[in-house]
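Engineer: The ATP binding site annotation in Swiss-Prot covers ILE18, GLY60, VAL61, GLY62, LYS63, THR64, GLU65, ASP258, GLU323, ARG395, and the record cites sequence analysis as its basis.
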Amino acid sequence: MTNFTPREIVSELDRYIIGQKQAKRAVAVALRNRWRRQQVADELRDEIAPKNIIMIGPTGVGKTEIARRLARLAQAPFIKVEASKFTEVGYVGRDVESMVRDLLDLAIIMIREEEARKVRVKAEDLAEERLLDLLLPGAQSRDPDLSGEEAGEGGTRDKLRKLLRKGALDERKVELEVQAAQMPMMEVFTPQGTEEMGINFKEMFGNLFPKKTKRRQIKVSEAREILIEQEAERLVDMEKVNTLARERVEQSGIIFIDEIDKIAGQNGRQGPDVSREGVQRDILPIVEGSTVSTKYGPVKTDHILFVAAGAFHVAKPSDLIPELQGRFPIRVELTSLGEEEFFRILTEPKNALIRQYEALMETEGIRLHFTEEAIREIARIATQVNSQTENIGARRLHTIMEKLLEELSFEAPEHREQSVEIDVDYVRKQLSDIARDEDLSRYIL
């Protein structure tokens, strides 16, 4: 679990996301509280429940991006799900408990990689010995350098080890037994009907038959990596991995539920949306704290942090059932983005859009340079299009940039090794249709 301070978390988010200070502070405090809870005495730790967050704001203002960056910072099991993918129990679709199972699957991969790193040195030593066993038979007859004064097997093995460590044998080929690619099993049973029982039929039937292997001639450099992986797999205790993964999910897991407004009912509407409230009622016990059965054992959700987000264009947060509203005590409103924010988005972040397009064109030998006036004009046109049509926030910049560089991107391979300056006149010329046309529907994503 990360021990970044709230200020450090906000500072890290600032490198990628412009504005939305309130939302950044809320998730930073929530993440820090996860670490604080781990430092509390055992008898009180179980009593401290996470304060779930709901982020409210129009599309394209940074809700999902905050979640993505939070996942990388958290160093904890983190999964993003869309509420609209789930259906009430009894309907066709995924049941809500699958989000916890998916989180556990992710945690197992995370812990397994951590444990594999711990045994990497031992795995490398064992892999080296196996590689020497593969190289040694007939080595003297094939390589005159290995004969002579060190004709004994021990001497040959040591000499071979030195050559192997130097990389002198990397291009030599050895015969190695590797797992053969198998045809995927046909799904007779859909996972939706069986996952709540913790049964994976594909895995169950797959384990009934031995895995097929085949012998392949591969380079020593490639064989070394395969053998290290095989040895690490043998050294890692999967029982321990499963136990640690369950514990980490229970104590520091984070679930980000996007599009939560899509399951909000509107004044008791009936018809095709009748199952929306059912999905909310199914999500409720998981957010409140319950035990979910998985194939690795039961997982308690009492201390999993839930972060929900929605645009709430049509529905309102108050349209969610009261019990679910009460489980998200921290509400954060994200503000719409204007011209100044668009200018900053284009220039300030580490992965700024302008830098991305410059890097793409650089691969064709074309060096792009945007003047400040040109970037401000792009921001102004994006704001204008958003105000006259659907406001899709920062995503509008992708549309504008693609239109702006469409001609240049098409002709780039024929005009290598050039420097191109994008000035305000070029922007106005390329985007004149958008700036002039009142009916902008053909430019809407």
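Each position is counted from 1, following the chain as shown.
Every residue gets a Cβ built from N, Cα and C, even glycine.
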Engineer: Can you tell which of ILE18, VAL61 has the most other C-beta atoms within 10 Å, given these are the binding-site residues?
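Structural biologist: The residue with the densest Cβ neighbourhood is VAL61.
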Engineer: What same-chain residues, at least 6 away in sequence, bring their CB to under 8 Å of the CB of GLU65 (ATP binding site)?
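Structural biologist: Residues satisfying the criterion: TYR16, ILE17.
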Engineer: Among the binding-site residues LYS63, GLU323, which residue has the largest number of other Cβ atoms within 10 Å of its own Cβ?
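Structural biologist: Its Cβ has the most other Cβ atoms within 10 Å: LYS63.
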Engineer: On the three-state reduction of DSSP, what should I expect for VAL61 (ATP binding site)?
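Structural biologist: For VAL61 (ATP binding site) - judged by DSSP and reduced to three states - the answer is coil.
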Engineer: If you run the three-state DSSP split on GLU323 (ATP binding site), which class comes out?
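Structural biologist: It is helical.
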Engineer: Checking the spread of the ATP site as listed (ILE18, GLY60, VAL61, GLY62, LYS63, THR64, GLU65, ASP258, GLU323, ARG395): what is the longest Cα-Cα distance, in whole Å?
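Structural biologist: Pairwise Cα check on ILE18, GLY60, VAL61, GLY62, LYS63, THR64, GLU65, ASP258, GLU323, ARG395 gives a maximum of 34 Å.
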